[in-house]
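If you look up TrEMBL, you'll see 2-78 marked as domain 'Trans-2-enoyl-CoA reductase-like NAD(P)H binding'. Look at TrEMBL and you will find 47-52, 73-74, 110-111, 138-139, 243, 272-274 tagged as NAD(+) binding site. TrEMBL lists 74 with the feature site 'Plays an important role in discriminating NADH against NADPH'. The annotation domain 'Trans-2-enoyl-CoA reductase catalytic' is assigned in TrEMBL to 81-316. As annotated by TrEMBL, substrate binding site applies to 224. According to TrEMBL, the feature active site, proton donor maps to 234. Residues annotated as domain 'Enoyl reductase FAD binding' in TrEMBL: 322-385.
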Ligand code: NAD
């Protein structure tokens with residue numbers, strides 16, 4: 001079939017197999033062009049198919065020569081419908097890693113369930129024995145509690161007061177004011193149950209009980225803080241509560257693992273276009289401004305550059321530099337004073353007429369399309385292709 005992007009409410013409902021394959025090959029080429037490093041040997045990535053998890057897996061495999069096992073929740077293609085981009089990313093990455101003689105396998109299923117945890121532990125044991133790095137990079141709007149029938153749903157809302165700010169429709173470039181009503185206690189609680197540290201802790205317990213963690217295992221999860229313009233809805237909002245919970249879980253896990261020489265970290269990463277961030281109000285407009293400023297200052301990074309820098313200059317350096325709360329700060333360039341001063345100066349001025357002059361909406365939209373394998377110059381989007389990859 002001929003595959004064109006189907007976009008609804010800032011979400012792309014399909015993916016282009018060849019474009020997704022090329023996106024992963026580009027990330028692999030980037031890492032292969034950088035110096036290799038002494039890093040992990042056997043890695044489990046939970047949330048491995050897109051965004052920061054995918055980039056972490058590529059850096060571990062192609063930068064440090066690690067065997068990798070990935071857990072993700074993606075749709076397989078059928079004759080009439082494409083798979084999701086993460087499906088094609090997994091296929092491509094595993095094909096390329098195996099060609100280099102590395103172990104690269106995965107499970108497609110609900111990472112929040114006990115069953116997927118048990119199956120992962122079993123497969124990891126038979127394939128690699130033990131893992132010395134566990135990356136936790138899930139982003140999901142819902143989580144079914146494995147011990148009850150409760151399904152928790154996360155919301156992106158401010159706490160305490162209504163949040164009113166500019167927001168953009170990235171497809172039309174139209175900027176308007178949006179207001180979001182504050183969350184109630186139940187919504188805050190449910191968001192923490194989905195995106196906080198509960199499930200990360202359950203994973204580490206399950207893997208430890210199954211004896212598939214090395215004594216000196218490292219585990220890392222990803223967080224975000226962000227700028228003043230998104231503070232009320234992000235860091236001071238419901239998701240910020242969940243991130244604070246995740247960060248506290250890192251401290252708790254670190255205490256538990258350090259007796260054997262292990263460690264647990266949270267890395268605060270830069271805001272980037274991923275499936276998860278595209279649906280956060282205000283974020284697309286912030287990113288359109290931020291990207292232009294960071295590119296002008298030669299500070300711009302994508303997921304793969306961020307993760308390569310995180311692994312080489314922090315996680316696998318002699319002693320990772322952390323902030324006062326023990327967090328690795330990969331948002332150091334995003335939050336540079338000179339960058340944020342410019343964001344703050346542009347924010348009140350930006351409108352539908354001047355967005356293309358003050359910001360780089362085109363780059364935002366290009367990155368968004370590329371996430372799904374669209375918008376590349378080297379793919380013929382008029383060609384009739386199969387929904388399966390031919391590797
Ligand atoms: P993403 O949407 O690109 O990736 C999410 C991954 O989770 C995918 O592999 C998906 O398959 C998997 N997943 C979701 N639900 C699942 C389930 N039930 N079972 C198994 N797998 C499941 O997200 P991302 O933006 O890379 O975010 C990853 C982490 O990084 C999140 O904690 C996020 O908050 C954090 N982070 C993101 C940004 C950003 O700007 N995107 C910035 C800083 C930190």
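Note that the numbers count up from 1, one per residue, in the order the chain is shown.
Glycine residues also receive a Cβ, built from the backbone N, Cα and C atoms like all the rest.
A map of TrEMBL features onto the structure.
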{"residue": "47", "record": "NAD(+) binding site", "DSSP class": "coil"}
{"residue": "73", "record": "NAD(+) binding site", "DSSP class": "coil"}
{"residue": "110", "record": "NAD(+) binding site", "DSSP class": "coil"}
{"residue": "138", "record": "NAD(+) binding site", "DSSP class": "coil"}
{"residue": "224", "record": "substrate binding site", "DSSP class": "coil"}
{"residue": "234", "record": "active site, proton donor", "DSSP class": "coil"}
{"residue": "243", "record": "NAD(+) binding site", "DSSP class": "helix"}
{"residue": "273", "record": "NAD(+) binding site", "DSSP class": "coil"}
C-beta crowding around residue 243 (NAD(+) binding site), within 10 angstroms: 26
The domain 'Trans-2-enoyl-CoA reductase-like NAD(P)H binding' (2-78) - residue tally per DSSP class, helix then strand then coil: 31 helix, 15 strand, 31 coil
The domain 'Enoyl reductase FAD binding' (322-385), counted residue by residue under DSSP: helix, strand, coil: 25 helix, 2 strand, 37 coil
Neighbourhood of ligand 1 - recorded positions from 47, 51, 73, 234 with Cβ under 6 Å: 47, 51, 73
Whole-number Å value for how far the residue listed as 'substrate binding site' lies from residue 110 (NAD(+) binding site) (Cα to Cα): 23
Cβ-Cβ neighbours of residue 51 (NAD(+) binding site) (radius 10 Å): 24
Residue 49 (NAD(+) binding site) and residue 74 (site 'Plays an important role in discriminating NADH against NADPH'), Cα-Cα, nearest whole angstrom: 8
Alpha-carbon spacing, residue 49 (NAD(+) binding site) to the residue listed as 'substrate binding site', which is rounded to whole Å: 19
Residue among binding-site residues 47, 73, 138, 224, 273 with Cα closest to the Cα of residue 234 (active site, proton donor): 224
Neighbouring C-beta atoms (10 Å sphere around the C-beta of residue 138 (NAD(+) binding site)): 22
Among 74, 110 [recorded positions], residue with fewest other Cβ within 10 Å: 110
The residue listed as 'substrate binding site', number of other Cβ atoms within 10 Å: 21
Close in space, distant in sequence - residue 73 (NAD(+) binding site), Cβ under 8 Å, 6 or more apart: 86, 108, 109, 110, 111, 140
